Amino acid sequence: MTNLRKTHPLMKIVNSSFIDLPAPSNISSWWNFGSLLGVCLIIQILTGLFLAMHYTSDTMTAFSSVTHICRDVNYGWLIRYLHANGASMFFICLFLHVGRGLYYGSYMYLETWNIGVLLLFAVMATAFMGYVLPWGQMSFWGATVITNLLSAIPYIGSDLVEWIWGGFSVDKATLTRFFAFHFILPFIIAALAGVHLLFLHETGSNNPSGLSSDADKIPFHPYYTIKDILGVLLLILILTSLVLFSPDLLGDPDNYTPANPLNTPPHIKPEWYFLFAYAILRSIPNKLGGVLALVLSILILAMVPFLHTSKQRSMMFRPFSQCLFWILVADLLTLTWIGGQPVEHPFIIIGQLASILYFLLILVIMPITSLFENNLLKW
């Protein structure tokens, strides 16, 4: 009798994706983040579902309902902080996953990469809308500032902003629709992740060397299932440590003050995972220019495959490109730091220089260096 997992219409899909999937024998722990992102998404959907059972999306009661969840609901504080810090873990895994893709040339799988960029945008949109829901000071003013950026779009800008707000300011209509979108988007993300995997399994995984691994494949189970479980355990260890010991470490104290349209906080800033993009936005004195730079800072990832000039796929054997990659990482960390600082000297000029370097590295310096490396090897 044939094995059921290989013949059953549903089981054979699972089998070909997670059990008998041929995988390269040399993929390192940098390949764990895909499964970790899946786990993060499941954690976020489950905790979010239980939060939605107690949350009310009304400006008068939203803040109180979050307080009620933390004080009166059984383990409500745990669910709330798992959800808030789960978002931070999600973004840490996302950034490492994208960084891995850039380093090892995984972006050469165009469809997989472009759906990944789309996923990044979707997760960022979801996180932004989720941050508005507790209706604290930073929620309200963050929503006001970021949605207001759309008014920089010529001709239709101001109409577009009022359409998104559902009125003339961020109010009840805005909060209600943000809650609706925040609820639906994770399911769209899950569907997109399925398509992401579908395209990945068409080509098979890349590996650290960037060479074809067709000659040396091993089954996904048990090798990489065990490896993924180790990653998941480490993720859960870090997440629970964060939630149980310092749940507010990555949050903003201003969000414990209920939203007040008449009182602007001294420093409006988004969550830590948006600070790099926020720094790029602020470094350009022109509103429309800032918005374009903000969008391009993420959209530039879609251009990376077309800027690949090296004859080698991975950076494993390219020391100069490696050096530039780590400069890019340092630059992004600098931007993240600047995004959280007030707009004053010397932070303004540091932010502007870091923003210029970010775009220069990706668009100019790295492609030219790759050509230089080809030349060194007489390719």
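Cβ from N, Cα, C; glycine included.
Listed in sequence order, the residues of the same chain lying 6 or more apart from HIS83 (heme b b562 binding site) and placing their CB within less than 8 Å of its CB are GLN44, THR47, GLY48, LEU51. In the three-state DSSP classification, HIS83 (heme b b562 binding site) falls within a helix. The heme b b562 binding site annotation in Swiss-Prot covers HIS83, HIS182.
DSSP classifies HIS97 (heme b b566 binding site) as helix under the three-state reduction. If you look up Swiss-Prot, you'll see HIS97, HIS196 marked as heme b b566 binding site.
Contacts of HIS201 (ubiquinone binding site) defined by a Cβ separation under 8 A and a same-chain sequence distance of 6+ are given as SER16, SER17, LEU21, in order along the sequence. Swiss-Prot lists HIS201 with the feature ubiquinone binding site, giving similarity to another entry as the kind of evidence.
Positions annotated as transmembrane segment by Swiss-Prot, on the basis of similarity to another entry: 33-53 (among others). Tertiary proximity for the transmembrane segment (33-53) is limited to same-chain residues at least six positions away from its ends with a CB under 8 Å from its CB atoms, namely 69, 79-80, 82-83, 86-87, 89-90, 93-94, 96-97, 100, 182-183, 186-187, 189-190, 193, 228, 231-232, 235, 239.
Residues or ranges marked as transmembrane segment in Swiss-Prot: 77-98 (among others).
Beyond the ends of the transmembrane segment (113-133), by six or more residues, the same chain brings 55, 57, 62, 66, 87, 90-91, 94, 98, 101, 106-107, 139-140, 142-143, 146, 174-175, 178-179, 181-182, 185-186, 188-189, 192-193, 195-196, 199, 270-271, 273-274, 298-299, 301-302, 304-305 to within a C-beta distance below 8 angstroms of the stretch. What Swiss-Prot lists as transmembrane segment is 113-133 (among others).
What Swiss-Prot lists as transmembrane segment is 178-198 (among others), and the listing cites similarity to another entry.
Residues or ranges marked as transmembrane segment in Swiss-Prot: 226-246 (among others). Only residues 6 or more beyond the boundaries of the transmembrane segment (226-246), in the same chain, are considered here, and those with a CB under 8 A from a CB of the stretch are 29, 32-33, 35-36, 39-40, 43, 78, 81-82, 85-86, 88-89, 93.
Annotation source Swiss-Prot lists transmembrane segment at 288-308 (among others).
Positions annotated as transmembrane segment by Swiss-Prot, on the basis of similarity to another entry: 320-340 (among others). Listed as Cβ neighbours of the transmembrane segment (320-340) (distance under 8 Å, sequence separation of 6 or more from its ends, same chain) are residues 99, 102-103, 269-270, 272, 274-280, 282, 310, 347, 350-351, 354-355, 357-358, 361-362, 365-366, 369-370, 372-373.
Taken from Swiss-Prot, the feature transmembrane segment applies to 347-367 (among others). Within its own chain, the transmembrane segment (347-367) has Cβ neighbours under 8 Å at 279-280, 282-284, 293, 296-297, 300, 303-304, 307-309, 321, 324-325, 327-328, 331-332, 334-335, 338-339, 341, counting only residues six or more beyond its boundaries.
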To the nearest Å, how far is the Cα of HIS196 (heme b b566 binding site) from the Cα of HIS182 (heme b b562 binding site)? 21
